[in-house]
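Peer 1: Pasting the feature list from TrEMBL:
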- 298-312: compositional bias 'Basic and acidic residues' (COMPBIAS)
- 347-627: domain 'ABC transmembrane type-1' (DOMAIN)
- 658-882: domain 'ABC transporter' (DOMAIN)
- 996-1283: domain 'ABC transmembrane type-1' (DOMAIN)
- 1320-1554: domain 'ABC transporter' (DOMAIN)
- 287-318: region 'Disordered' (REGION)
- 912-962: region 'Disordered' (REGION)
- 37-56: transmembrane segment (TRANSMEM)
- 76-96: transmembrane segment (TRANSMEM)
- 102-123: transmembrane segment (TRANSMEM)
- 135-155: transmembrane segment (TRANSMEM)
- 167-186: transmembrane segment (TRANSMEM)
- 333-361: transmembrane segment (TRANSMEM)
- 381-400: transmembrane segment (TRANSMEM)
- 459-478: transmembrane segment (TRANSMEM)
- 484-503: transmembrane segment (TRANSMEM)
- 570-591: transmembrane segment (TRANSMEM)
- 981-1005: transmembrane segment (TRANSMEM)
- 1042-1067: transmembrane segment (TRANSMEM)
Amino acid sequence: MISSPSNPFCGKSDFLNTSELIHNWYPKLSECFQQTALTFAPCGWLWLTAGFHLAYLRRHTRFISLTTTWLHPARLVVALLLCATSELHLVLPLIGNTSYPPSYYLSHSVWLVTYALVCFLMVLSRRSGVTSPCVVFLFWLFTLISWIIPFYIVNLEKAYESDETSYILKIVTFGLIVFEFGLQLVGDTKINILQQELYKLVCPAMTASFVSRLTFSWVFRLVYLGYKRVVVISDIFDVPGYMQCRYNVPAFKAAWDKELQFKPSRKNTKKFSAYFSIDSLRESLKSETNGSALSPEPNEKTRLLPKPSKEADDGDVVVKPGHRREKPSLLRALAKVFFVPLFKAQLVGLLADVMLFMNPLLVGELIAYVEVKDEKDFPEWTGYIMAVAFFAVAVCNSLISNYRYFVCNNIGQRVKTVLSAAVYRKSLLANAEARRKFTVGNIVNLMSVDCPRFRDTTASLWVLVSWPCQITVALYLLYNVLGIAFLAGLITLVLLIPINARITTLMRRAQARQLAVKDQRIKLVNEILNGIKVIKLYAWEPSFEKKILELRKQEATQLRKGQTFTSISVLIWVASPVLVTVISFVAYVLITGDSLTPSKAFVAMNLINTMKEPMNTLPLLISQMVQCHVSLVRLQDYLSGEELDGKDTSISTRDFPIVMRNATFTWERSYTPLLQNISLKIPQGTLTAIVGPVGAGKSSLISAMLREMEQLTGQSSILGQVAYVPQQAWIQNMTLRDNILFEKQLENEFYQKVVSTCALEADINLLQGGEMTEIGEKGINLSGGQKQRVSLARAVYQEADLYLLDDPLSAVDAHVGKHIFQNVIGPQGILRDKTRIMVTHGVHWLPLVDSIIVMDQGKITEAGSYRELMTHNGPFAQFVRTYLLEHQDEEVEDPDVLRMQEEIKHQVDIVTSDEDQQRAITSSSEESSLKRSGAYKRKKHLQNPATKKVDGGAQEDDTKRKNNISLIGEEKVEEGQVRTAVFLALLRSFGYIPAAFVGFSLILYNGANMAASIWLTDWTSDEYLLNETHQGTGKYISKTNLYLGVYSAISAVQILVNGVFVMLVYVQMVTASQRLHNSMLNSILHQSMAFFDTTPVGRILNRFSRDVDVFDLSIARLVRHVMQQFFTLVVIVVIISYSTPIFLVVVAPTMIIYILIQRFYISSSRQFRRLESTSRSPIFSHFAETINGASSIRAYDVCDRFYRDSQSKLDENNKCTFAFDSAARWLKVRLQFLASVLVFFACIFAVTSNDISPSLVGLSVTYALQVTESLSLLVEVMTMLESNTVSGERIVEYIGLPPEPTWINKQCRPHKDWPEEGNISFFNYSTRYRPQLDLVLKGISLSVQKGEKIGIVGRTGAGKSSLSMALFRAIEAAGGSILIDNLDISTIGLHDLRAGLTILPQDPILFSGTIRFNLDPFDQHSDTAIWEALDHAHLGTFAKELPGQLEYVCEEGGQNLSVGQRQLMCLARSLLRKTRILVLDEATAAVDLETDALLQDTIREAFRDCTVLTVAHRLNTVIDYDKILVLSNGEISEYGTPNELLEKPSGIFYSMAKESGLMQ
């Protein structure tokens, strides 16, 4: 008995009277204990935490404000009433003249002050927008618990008989506390959301009470909705404000920018002082006094060195002596932002870790109770108290651990979000060197694979804190149980650490290699998807499939290595509890010589079981951390890469917005400068033309103005808002009108004016949806000319100050080009008051520009007005003369053009000598002779610089889009359960025999586990061994050794078969993933073009990156967990049923409830995961679109807008993940509560049963405690497995896509040299693009003889491209047939057909790889043949000068070649095939004049004996063909020779020729 009779503080009452406590039928606590411990515990909590809560209120970010409702006043009133009851308690002794000890007065004084403090905190929290603060709620919870004891004591002792007033006061106080606690359970439902416009559907967590947040009740409505019907993304609430990008991204950006300040700038440290002095050196070229493009010439007064500056230039890097620059640390930046909330969560989680060890201690007490429960000195109520304690510990542990996991998960999601946003931002700002180092494939992998790894790792970081804590406490308690023998278990754990460390190193290396190969694979897949049309029309699918399969094989090799190491690591840590148990028991028996008792054995087992969770989780964390470390290095390398220089306005003025002074530019510092000594000034409001031969640096100069290139020396500056029209138009996947508006407000009158001046009215009228027609990715359903005009219209509509136009007229016809120049660009155009810089090849527009810059070999050779430059025989005059001589045999019909040409010729004759002219004529005579002697000479016209496009610019057959206002459909989202067929497909890919071995090994493992437990029970309940008098006898020792030996052998079997199981699952799953990937790749390559036209690249890439990655690394772990937990659960039920059969009465209904809850939850969870997958695709589609248009986005200065768009898509994806995680926590809390009920009943049965041994009690309760974790973990991992199987579902969906017709028809194969003649016949042929669409070709019948040259013309939507695609069977016949050399093409395989044809498409598609691979991917041709093709394509000299020649590597998309060179490479590719039939599908639509001339000459010479079908881009291209086919609305309107058709004034061809200026 603990008492203090001499201490007057408590009066006559003892602090804790143990005799009175034990010998009562209920737990009776003294008045002193109630007035001290039960007062100071809850009140002390509030006073200790109030300061932290006030600090939180001061610093937290407000997302809501609370409106006044009845709830808050009610809470305050009740709290104030409690203040009043405390005052009454203090006044009561004075009224009744009763003597109370000091503890009484102190207790109620403390309560009074504490109630006042809690009122203050509630008011302040409300004003700060904090609903149901944790500190306040826990205070009321602790207060309620502390007042329960006085409440039942005064009632059981009938205190109302002795002191009725005090009794009533206590009852009223208790009632008020209960009422206040009930009010605290209710959340604040009426709130005002700050920045309401940022939310579509407010997250209910923002209004939930603390209990609702702790138990995740706030997510119930969404889970219930998912049970009732299929959830769509609009049903899901937005993430809370603290999870949104707008809150997290700026904080991380600030931290990362601070890290980058410490990074030494390579570009600055490499500059020499001479570079700075060059800025003020003389400018090399003379300037016009009227404001021409060049600045004044220096004189003797020009300073050669700049004036000394007092401060270092902003661009200079100042290095202090002795200061070492640190490398920017991504980990440090993340820690600055997320460490504090993560630390708080871990701190709370430590409480759950400590509570775990209450279970072994309670097990020991329960076994001790069962051993002596018949003795009278042991109170009966203690058994029930222990059962309640088991239940309370389990519930509290569940709530706290779920809170920790949820918070860590959310922090992980925030980390992933900020990194994804950072990668996106970097892709907008990275310079050329960084873009070369990190291709699209690399960056897609960074977003889809590397960033999510941080989420998973951050969510599991609690193990790093929990594991040491749990292991330390467990070992300490194990020491108390087993004594010095625990060191054996400790040594075992210590020895495992270096082994695992070595394995971790090997895992990291394998991961790094695997990711490097994965980058290459995704990069190649991305290239294939972007160039799929060329690949299919050239029948190159097998070659590219082989390349990807080779990369995938290399990746799988590294994956197998990594998974082998992972499985070894998993086995080490999963087997470690078994090893520690066996070795500890062996050491105990050998050291003490004693046998095991029930209390020692089962308490030790419980302690070791508490280590199971961290040991099971540790291998996952190690694997994740290894992967995360690799990703960290990759992301850090990318994010710390150099960026483009910002916009500089230092030397520009309003009169001269663009200024360059002796500037030298390069794409990369390791390359030779491309632009050298550039000096110019562009006056405000003028039109400047940039001219020069191919490769002179014209487009590079535009890029330099946009700061796209690296400036090495000199100065450059640009002032004002810029609009940019690139040479290759960038079109977004949105409506045509939205592409023009570019998110600027619609001003209808101005918009219509822009559409009209950019010659888009006719195109819009032909579209079924008009201006609201959706444009596919990369403008797939627009022609090159239409894309260019949309790009120009976008620029015009922005009403910018400066317009940089990179050859905007090259892709349009002469008529449209003239219209655009006159109405948009020229002196009378809509942009006449703007500053315009235009790269052009159309010399006939040069007299109308204000100034001209002539470039050659990266230098400005001459500059000035047209009139000035034509006054002498300079570089410009030479350029014009060369141009005119090359086109001297062209006939000119347009009078305006003829007049300008005559004027130019006259001026050239004046300034050039006869000798020069004769030399120029001689130098070009060979080429001119070749042009005149072609097999089918074409009639040339001066419109050639931008000659007539017969359909106004339609490359793709526009009928395709006439039937489709919306081209890109929504991604399919499956509903309901994952189909059985999906699981069967996964099982087939895994293999039936390996699956059987997996099941067999798992059954053996769990059988051994069960046998070990039962054997241990028999050992500890052996009557002979329990008798202490037998210790030391031979029989005692032999029996102990027998039990120990068998137990050790069974444990060894456990470890062995578990190793087989783990290794099979991890390694074989890589094989399964490889098979699925290969099947999906094969299926994708067997799709028709219609699939790729309607499916965004990002959607397909998502499957090849993220979904495949899930199978590579995640599914194996989940399968292992599901199978292990299921069999563990079976073992638990068998063991408990064996030890306590009555327990089945509780287990059966509980299992039913478990299954019902799981079924209730799984439909929602599965759909959340599906929506998360589908909402991820727009992120990648937007990302790919951004990369393609990065230069335009930067030029328009809308990087921030696109950055915000990307963040909104991230938030949309995050809300699906947040809903999934919240629902998972909702499920786990409820399942663990049910498991806690099972533990409670197991304890109750142990307490109430009279015929159960202590060993069986220990066994029963030990396994009952495992039910808590096993049942909830089983449902959780089953849910996660099914949710992750959504990735498999998406892969299987693509595997099951209906393929295009067979590539090789073995029953009908043409001979090797087919087609030998090249005859083509159409018989009543009709076709459509997709089954639900209208016919695009109707009843086509015509015959083409061998060697004929057929021009195909027609208005927009006539069906021209459809005809060429039909020839390749890119679209299948709906009726009729096509015969080539009398062979029906529908009867042979696609590859046999396409191998016999050659097409030269408009878009020049090249792939990353050598020149040899781009020309001959099948290695069918010799080097000689390849060089001959390159020579014919005018690329031979160029290729021979390249390093490596044929082995020279073309970058992704051929970025290291000009557009013209790419098209000539495509021509060389066609020359190498040299089939009897050639199709030109507007092959010169988007190239400049010189490239067009080279193409036409080569085609005319190399294919003189071939049948040629040309979808006409310019009428003069086909005017000298043998026949012209005129299509109209999918039917043949006219067919005959050009002369025959020109003799029909009412015909379509005649009217088109007239519009083109070919007819007078």
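Including glycine, each Cβ sits where the backbone N, Cα and C put it.
Keep in mind it's a predicted model, so treat the numbers as computed, not measured.
Help me see these features in their spatial surroundings.
Peer 2: Counting only same-chain residues 6+ beyond the ends of the transmembrane segment (102-123), those with a CB under 8 A from a CB of the stretch are 8-11, 13, 31-32, 34-36, 39-40, 42-43, 46-47, 50, 53-54, 72, 75-76, 79-80, 82-83, 86-87, 89-90, 93, 133, 135-136, 139-140.
Remote same-chain partners of the transmembrane segment (459-478), defined as residues 6 or more beyond its termini with a Cβ less than 8 Å from a stretch Cβ, comprise 342, 345-346, 349-350, 353-354, 356-357, 360-361, 404-405, 408-409, 411-412, 486, 489-490, 493, 584, 604, 607-608, 610-611, 613-615, 617-618, 620-621, 624.
When Cβ-Cβ distances below 8 Å are used as the criterion, the transmembrane segment (484-503) is approached by residues 471, 475, 478, 565, 568-569, 572-573, 576, 579-581, 583-584, 586-588, 591-592, 608, 622 of the same chain, each at least six residues removed from its ends.
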Peer 1: Any residues 6+ beyond the ends of the transmembrane segment (167-186) with a Cβ under 8 Å from its own?
Peer 2: 71, 74-75, 78-79, 81-82, 85, 88-89, 92, 132, 136-137, 140-141, 143-144, 147-148, 150-151, 154, 159-160, 209-211
Peer 1: Counting Cβ pairs under 8 Å to the transmembrane segment (135-155), which of 37-56, 381-400, 570-591, 981-1005 comes out on top?
Peer 2: 37-56
Peer 1: For the transmembrane segment (76-96), could you work out the same-chain residues 6 or more beyond its ends whose Cβ comes under 8 Å from its Cβ atoms?
Peer 2: 104-105, 108-109, 111-112, 115-116, 118-119, 122-123, 165-166, 169, 172-173, 176-177, 179-180, 183
